[in-house]
């Protein structure tokens, strides 16, 4: 039974190590007033988008903020213009929901079991923009998410920086390996007979 606890313990540790980053997606959020609103995450972290929500009737329903969020490329992020409907990630479309504000979550994982899931890589940035549903004004809210890479350690002091690595030591280099027998030249039976013939004649004389 103790072997069954090992993977469960590892899963719990990985979940405990993951952080959640909350973004309130509405025009009143001061962080959106800057052009470079950026969130830094690590693999297996979560991004929680909190949609606009109104608890009373002080705002007319037609004026309640609703957004379509897109996951786009850097150029489209800069222009705040999605390229296609295939880039739609979520919709914030229930501003007066009784259960409270909608929460939309993204997990930054390297691999996903879902066909339509998104896979993320360390050292890369990803871009979210939105277009308003509640009015036709070109109001753009955008967010940049950077997946931080692993911490790299500096080389040891005694290591020789001029020392060259052999191709076989570099996993990225394709090394040709011989297959079958050794590539060294082999003598045929006739050649062996010619070489041994003088010794045989000396033994019989």
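Note: Cβ is positioned from N, Cα and C throughout, glycine not excepted.
As recorded in Swiss-Prot:
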- 1-18: signal peptide (SIGNAL)
- 19-151: domain 'Ephrin RBD' (DOMAIN)
- 26: N-linked glycosylation site (CARBOHYD)
- 51-92: disulfide bond (DISULFID)
- 80-140: disulfide bond (DISULFID)
- 182: GPI-anchor amidated serine (LIPID)
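A 10 Å radius around the C-alpha of residue 51 (disulfide bond) takes in these recorded positions out of 26, 80, 140, in sequence order: 26. The disulfide-bonded residues 80, 92, 140 differ in how many other CB atoms lie within 10 Å of their CB, and the one with the most is 92.
Secondary structure of the domain 'Ephrin RBD' (19-151) per DSSP (helix as H, G, I; strand as E, B; remaining residues coil): 16 helix, 45 strand, 72 coil.
Distance from the CA of residue 26 (N-linked glycosylation site) to the CA of residue 92 (disulfide bond) is 10 Å. Around the Cβ of residue 26 (N-linked glycosylation site), 18 further Cβ atoms fall within 10 Å across all displayed protein chains.
Distance noted between the C-alpha atoms of residue 80 (disulfide bond) and residue 26 (N-linked glycosylation site) is 16 Å. Between the C-alpha atoms of residue 26 (N-linked glycosylation site) and residue 140 (disulfide bond), the distance comes to 10 Å.
Take the CB of residue 51 (disulfide bond) and look out to 10 A: across all protein chains shown you find 23 other CB atoms.
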